[in-house]
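**Student:** So TrEMBL has the following annotated:
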COILED    120-147  coiled coil
COMPBIAS  478-513  compositional bias 'Basic and acidic residues'
COMPBIAS  514-530  compositional bias 'Polar residues'
COMPBIAS  531-540  compositional bias 'Basic and acidic residues'
COMPBIAS  554-565  compositional bias 'Acidic residues'
REGION    472-565  region 'Disordered'
TRANSMEM  6-23  transmembrane segment
TRANSMEM  43-61  transmembrane segment
TRANSMEM  73-97  transmembrane segment
TRANSMEM  274-292  transmembrane segment
TRANSMEM  321-342  transmembrane segment
TRANSMEM  362-385  transmembrane segment
TRANSMEM  419-438  transmembrane segment
Amino acid sequence: WLMWFWFVSFCPRILLPFMQSYARSGGFSITGKIKTALIENAIYYGTYLLIFGAFLIYVAVNPNFNLQWNQLQTIGIAAANTWGLFLLVLLLGYGLVEIPRSHWNGAKRGYLLMKTYFKAAKLMTEKADAEENLEDIMEEVRKVSESIKYNHPLRKCVDTILKKCPTEYQERMGRNMDDYEDFDERQNSYPSEKSLAKLHKQVIYSVQRHRRTQVQWQILLEQAFYLEDVAKNESSATRQFVHTFHSQEPENKIIQYFYTPTVEWYWECLLRPWFYRVLAVVLATFSVIVVWSECTFFSTKPVLSLFAVFIQLAEKTYNYIYIEMACFLTIFFLSICVYSTVFRIRVFNYYYLASHHQTDAYSLLFSGMLFCRLTPPLCLNFLGLTHMDATISHKNTQPTAYTSIMGSMRVLSFVADGFYIYYPMLVVILCIATYFSLGTRCLNLLGFQQFMGDSEMTSDLIDEGKELIRREKRKRQRQEEGENRRREWKERYGNRDDSTRSRAVHTDQKESSFSETNANRPLSKYTRSNGRTERDRIELLQDAEPLDFNADSVNDDPLESDSGR
């Protein structure tokens, strides 16, 4: 537990910020990246040291404080958990409402299809912006590649940048290895290594963003096509699911055997909406229990927290398995509500977790920092909900492993008796704000397009996305029709072409055998052509004079003068 705690505390404050700067660095060597990361984090680390040093000096000078090392350690842990609990309640208030609502809306086919059209319109704008940005960066790379020739010391840096560019741009900026230039004698202005490192960083970012938008566009198209197929198959009389386009990826044979078109129709068109509705009701019930317990866990007589009631009932009967299951389900649901919100957060293109392995290294490390910061406060909040923390229950019971490592929060009374108890009540206000989509409405007013059913901008984007999906659908249909025609042509005329080739080969063999038999026959009175061929060979061998076409007759061949007609 000690190793776990200090590792989780060390990662988000020292290790992961350094790794973030290292990943974003445009340096061309490991040493250069480490140097850049240390410089960027100097202010970050310096702030920590300054605050900690000022606190130590204050404690050492003030005679009213007589703190031991353990108490000082507890104060540091309490400060970290206070910030983590502040962030935890914000994320929890959003997840408790949005997760049940997303599953309830998942049962509405029309809602999902409209939201997919909305996402398509927004993603097309982002995709066009990424392509334009990549074109501008590649133009800068082309200029740098043309200015720095192949005998320049910085050419290795340019080659490293070119390797990060897409293949089509590399071919377009193809190298001319014979183009050497004496850069010392010409007073040209060459970019510095620092500017090349900046360009390298921009290339990595623009290429990754362009690739991400391309992959997301293809995935979104598949989702839109599938939702349209579901809408069409709902009124199918045969009760067999028919796809407009076949899957491009090979499916598992076991899945194909059990997940037949009939089973797929019953699941997608009949059972799945009801399953999502039931799941949404169950999740909403858990959310209500969590909100009630967050607002009442400070009450010990009577015990109002439902999670504490469940644990205490199991404690009386010594049902240890029930205690384990109750604790597991509680932490599992809290973790889903908090961590799923982390996956939904997007701070422009600075932090964004994209699916299908399209997240950049900086965002992955940033999410790791959030998870490390949120895990200890989440455990502390769980102990408070179940009254396993002595600060809440006010009982002299055996401390949990978490409390023995973290220490008692009673060292700071205003934190233990005030912030930790009453701040989680704000989850009610956050849940109400999330239910009425106040954050979404505020972002929409600021100009950030959000999916809102009663907005004119949303309707325009839905229409635009529908037209984009229809255009891509026609394009893919034409491609499949062309492939089908080529396949049918090959199947229909492929054997005929093979038979034609075999007949041609057979005819050539006949002609060759026929010529051989004629060559072996004795000369007849019709031997002039064969004799002419032989005389042509003689003419070529003897370098005879060419025929005189100005003569009276074409037959005035000197080689035929002796033989006559």
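The backbone N, Cα and C atoms fix where each Cβ goes, and this holds for glycine too.
Bear in mind that TrEMBL entries carry predicted annotations, made automatically and left uncurated.
Quick one: where do these features end up spatially?
**Tutor:** Same-chain residues lying 6 or more positions outside the coiled coil (120-147) and placing a CB less than 8 Å from one of its CB atoms are 158, 161-162, 165-166, 169, 172-173, 188, 190-191, 196, 199, 202-203, 206-207, 209-210, 212-214, 216-217, 220-221, 224, 449, 461-462, 464-465, 468-469.
Sequence-distant contacts of the transmembrane segment (73-97) (same chain, at least 6 residues past either end, Cβ-Cβ under 8 Å): 9, 52, 67, 287, 290-291, 334, 336-338, 340-342, 344, 370, 373-374, 376-378, 380-381, 406-409, 411-412, 415, 419-420, 423-424, 426-427, 429-431, 433-435.
Non-local neighbours of the transmembrane segment (274-292) in the same chain are 92, 96-97, 99-101, 103-104, 106-107, 304-307, 333-334, 337, 385, 427-428, 431; each lies 6+ residues outside the stretch with a CB under 8 Å from one of its CB atoms.
Within the chain, the transmembrane segment (321-342) has long-range Cβ neighbours (under 8 A, six or more residues past its boundaries) at 88, 91-92, 94-96, 98-99, 286-287, 290, 307, 310-311, 314-315, 353, 367, 370-371, 374, 378-379, 381-382, 385-386.
Distant neighbours of the transmembrane segment (362-385): 5, 8-9, 11-12, 16-17, 19-20, 23-24, 80-81, 83-85, 87-88, 91, 290, 293-294, 297, 305, 307-308, 327, 330-331, 334-335, 338-339, 342-343, 351-354, 391-392, 400, 402-403, 406, 420-421, 424; these residues of the same chain sit at least 6 beyond its ends, with a Cβ under 8 Å from one of its Cβ atoms.
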**Student:** Please work out the mean pLDDT for the residues of the coiled coil (120-147).
**Tutor:** 92
